[in-house]
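Listed features, source TrEMBL:
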type	residues	note
COMPBIAS	46-60	compositional bias 'Basic and acidic residues'
REGION	38-71	region 'Disordered'
REPEAT	138-172	repeat 'PPR'
REPEAT	209-243	repeat 'PPR'
REPEAT	244-278	repeat 'PPR'
REPEAT	279-313	repeat 'PPR'
REPEAT	314-348	repeat 'PPR'
REPEAT	349-383	repeat 'PPR'
Amino acid sequence: MRMLSHHFSSKDLLALVMCSSTWLSKVEPLSARYKFKSHYHTQQPEQDRKKRQADEEHKQNTNQGPSIGSPARVQKLIASQSDPLLAKEIFDLASREPDFQHSYATFHTLILKLGRSRQFSLMQSVLSSLKSQHYSISPSLFSHIIQIYGDAGLPDKALKTFYTILEFNMKPLPKHLNLILEILVTHRNFLRPAFDLFRSAHTYGVLANTESYNILMRAFCLNDDLSIAYSLFNQMFKREISPNVESYRILMQGLCRKSQVNTAVDLLEDMLNKGFVPDALSYSTLLNSLCRKKKFKEAYKLLCRMKVKGCNPDIVHYNTVILGFCREGRAADACKILEDMPSNGCLPNLVSYRTLVGGLSDQGMYDEAKNYMVEMMSKGFSPHFSVVHMVVKGFCNLGKIEEACGVAGSILSHGEPLHTDTWEEIVSRILEWDAAEKIGNTLVELIQAEIKPETRIVEAGARLGEYLMNSIKSKSRKG
């Protein structure tokens, strides 16, 4: 039937359904007639009269129109339709059948099919029809309707659904409340209606839970209403509702966003004293905020305490602190952190090395940067071309041409390309180098490095060749 719905109009499909039902209705009278003939001589007159009466009643019923089938059959037919309007027509056709009653599953299926196709007026019509029936309504139906309105960007309709649940003589569940709150707070102008619903929900028999508080706390923190979020947090204890790790994290994030990192650290201590184990994201929030506030001693102390408090620091935590130290010109301290990582069960990754090499280069510590660059390549990581250029240029500016060429050679032998600007930096410095006898050897060493065909040096070959020839000619004229 699903395949047929793509090739027939709604009228054709309905006619097909009717025809199939008509054929089924004719099977029984034919068999009945056969049975009547085979036993004609053995039946008593009274039985003959009853049989004729039954045949006449069946004929009258047949003349009134064919049956569309059982409620289960109708439900399957509606569920199989890709066209929601056709599904609604089948529903209406069955509704007009004498003594036919749709199952609750049919209502549920059609309501969701209409809602997900944005046929909201028809969905509400079927929902109103369901209200007059005496079915046991599944709470999941309203969860789906609320989500449908949320996905459609209709927070007002989602809110109205809360009161629709009451019209069905049902008590909304906390999951209905939380789902509506989640939808409302995503729209800034519905934050106040969300708060009003939250405060009045108990009058309808719905008690807010920890998730309800978390939804509103997060929304008010993002709306820069930290005082309201803090009030909600304290209210949880008064109402004997236990906050969870997420509750603390939401408030700590709000405090850090308002640059109140000391208060956030105090909240962490309170959390630990109450027996909670902060999650990784809570620590990331605090470490990042401490580094931005240049509280590096506190950040490193917190990093060291994490493992003791039941949360092993991961690569994100270490990289956050390494980046913080490098940004503030403390690359030497960042080196110590990177060296401590393996002993704490966390190995440096590409970001760790790139951040550290960049930080060392910014501070003019090119020898250290070169050493860590070699180390990272030995572990299979590739330095970013901008960092390589920074190190090469740094050595060149210090007059350490051989060291610069050594870095370039290491990169090339590792199979990595050199940026055009890096090549030009090296070539220009070599041509300016007084030790002319070393020029040839240095260039040969670079050229003989194992360079892959797809590296950028191939793309830049013509440009570099022209640059080199022009520079040599210019130097010859001056001589």
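Cβ from N, Cα, C; glycine included.
TrEMBL: automatically predicted annotations, no manual curation.
If one looks beyond the repeat 'PPR' (279-313) by at least 6 residues along the same chain, the residues whose Cβ comes under 8 Å of a Cβ in the stretch are 245, 248-249, 252-253, 256, 259, 261, 264-265, 268, 272, 320-321, 323-325, 327-328, 330, 333, 337, 344-346. For the repeat 'PPR' (244-278), residue counts in helix, strand and coil come to 26 helix, 0 strand, 9 coil, using DSSP.
For the repeat 'PPR' (349-383), same-chain residues at least 6 beyond its ends with a Cβ under 8 Å from one of its own Cβ atoms are 315, 318-319, 322-323, 325-327, 329, 331-332, 334-335, 338, 341, 390-391, 394-395, 398, 400, 403, 406-407, 410-411, 414, 416. For the repeat 'PPR' (279-313), the number of residues in each DSSP class (helix H, G, I; strand E, B; coil) is 26 helix, 0 strand, 9 coil. Regional average pLDDT for the repeat 'PPR' (209-243) in the model is 95.
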